[in-house]
Amino acid sequence: MEQINDLALKNFREYLRIPSVHPNVNYNDCVKFLKQLAEDIDLPIEVIRVKPTKPVVLITWKGERPDLPSILLNSHMDVVPVFEDKWKYKPFAADIDNGKIYARGSQDMKSIGIQYLEAIRRLKIKGNICKRNVHVCFVPDEEIGGEEGMKLFVQSEEFKKLNVGVSFDESYASRTNEFVVFYDERVCRQFSIHCKGASGHGSFLLENTPGEKITYILNKFYEFRDSQRELLKSNIHIERGQVTTINCTRISGGVQDNVIPCEMTISFDCRVPSSNLETFEKMMNQWCKDAGEDCDIEYHQKNYPASQTKLDDSNIYWKAFERVSMQMGFKLKPEICPGTTDSRYLRQIGIPAFGFSPINNTVPLLHAHNEFLRVETFLKGIDVYCSVIYELANIVENNY
């Protein structure tokens with residue numbers, strides 16, 4: 001067991017050392033690494049290019065009943081940028097200190113991709129055979145919305161041929177002993193509001209200026225933001241995924257200090273629970289109208305709600321997932337994802353999708369400085385996925 005653990009850890013650290021970081025990610029080294037790993041485990045691999053520079057890597061463990069809907073285990077190859085001067089160790093060195101692996105992607109989410117494959121390696125070594133096909137998928141560009149990654153892949157003929165019954169993807173680290181499971185996610189709306197108005201000399205008190213409109217709109221958004229923050233603080237039963245988050249991310253406009261600009265622009269990142277989306281849209285449209293004429297919204301990302309994955313007896317995959325948790329003695333904590341993941345593209349076409357990162361008793365450090373994962377946690381996660389994969393891939397019902 002020590003030898004196979006060392007091999008898994010070696011592969012994880014090698015993957016972390018590939019700087020597949022935005023902007024302008026070159027995925028060639030990831031593809032090369034995954035080809036070598038698939039060959040080592042004796043699994044067939046296919047590289048599907050949804051765009052010339054956007055490869056989707058598909059590694060398959062074939063089952064005895066390929067007619068049954070398959071299991072899709074998805075992860076993304078890309079990681080977010082780093083501020084290297086804020087890190088204790090080099091972010092792409094995968095150094096180990098006191099049992100912790102420090103690297104960008106250690107939690108989000110290169111660990112999960114390796115856990116999938118190392119779990120399959122262990123199942124194969126033990127001689128296990130599954131009924132269903134298991135597809136391990138590595139996609140590009142999740143960290144920038146997946147527009148040229150999973151979104152295109154699920155529309156392709158190659159994806160349709162996979163006959164996916166259920167998908168697994170990422171959640172996030174849990175500070176407690178529980179494992180977080182996402183069954184839904186908030187809707188992402190990123191947009192700019194362009195406010196036009198009177199322009200002139202900076203010494204005048206003109207009416208109908210862009211600055212007045214920007215101020216009105218900003219105040220309205222932040223008043224609502226305060227109400228959501230208070231709701232989250234005052235009710236211990238409400239999770240972050242159940243409230244709307246609003247953040248102003250950019251304000252621009254003007255040419256020089258003594259000239260009132262004819263246009264100013266304010267940009268927001270908003271994450272809205274799907275049940276509140278219609279109300280929120282009406283509210284912000286009214287704010288723009290009340291601010292004055294010529295206040296126009298330009299959307300940069302306008303996602304739409306997807307069906308929630310059911311967590312009841314009607315979902316055979318959830319029942320199997322729960323069986324594993326009971327057998328292994330861990331607790332699942334269902335949540336609405338506060339951000340967005342590639343799972344939404346699966347849910348939008350009717351495929352149940354779970355976000356599940358087997359990382360507990362760990363500080364969540366997605367996109368943060370000094371992101372790390374304990375070696376022990378990484379290895380335990382492989383054991384968890386061994387059981388999850390084997391249980392779900394041997395369900396014989398062909399409907400859900």
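Positions of Cβ are set from backbone N, Cα and C atoms, glycine also.
Note that the structure is a prediction, hence the values are computed from the model and not measured.
Counting only same-chain residues at least 6 apart in sequence, those with a Cβ under 8 Å from the Cβ of Asp78 (active site) are Ser20, Val21, His22, Val25, Tyr27, Pro140, Asp141, Glu142, Glu143, Ile144. In this structure, Asp78 (active site) belongs to neither helix nor strand by DSSP; it is coil. Marked as active site by TrEMBL: Asp78.
Under the heading active site, proton acceptor, TrEMBL lists Glu142. Its own atom aside, the Cβ of Glu142 (active site, proton acceptor) has 23 Cβ atoms within 10 angstroms in the protein chains shown. When secondary structure is read from DSSP and collapsed to three states, Glu142 (active site, proton acceptor) falls in the helix class.
Secondary structure from DSSP puts Asp108 (Zn(2+) 2 binding site) in coil. Here TrEMBL flags Asp108, Glu143, His367 as Zn(2+) 2 binding site.
Summarising the annotation, TrEMBL assigns domain 'Peptidase M20 dimerisation' to 190-292.
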- Task: Please work out the mean pLDDT for the residues of the domain 'Peptidase M20 dimerisation' (190-292).
- Result: 96
- Where His367 (Zn(2+) 2 binding site) falls in three-state DSSP terms: coil
- Non-site residues, in chain order, whose CB comes within 8 A of the mean position of the CB atoms of Asp108, Glu143, His367 at Zn(2+) 2: Val79, Val80, Gly105, Met109, Leu366
- Work out, from DSSP, the number of helix, strand and coil residues along the domain 'Peptidase M20 dimerisation' (190-292). 46 helix, 30 strand, 27 coil
- Query: Of these binding-site residues, Asp108, Glu143, which scores lowest on Cβ atoms within 10 Å?
  - Reply: Glu143
- Message: Below 8 Å Cβ to Cβ and six or more residues apart, same chain only. Which residues does that give for His367 (Zn(2+) 2 binding site)?
- Response: Val80, Asp108
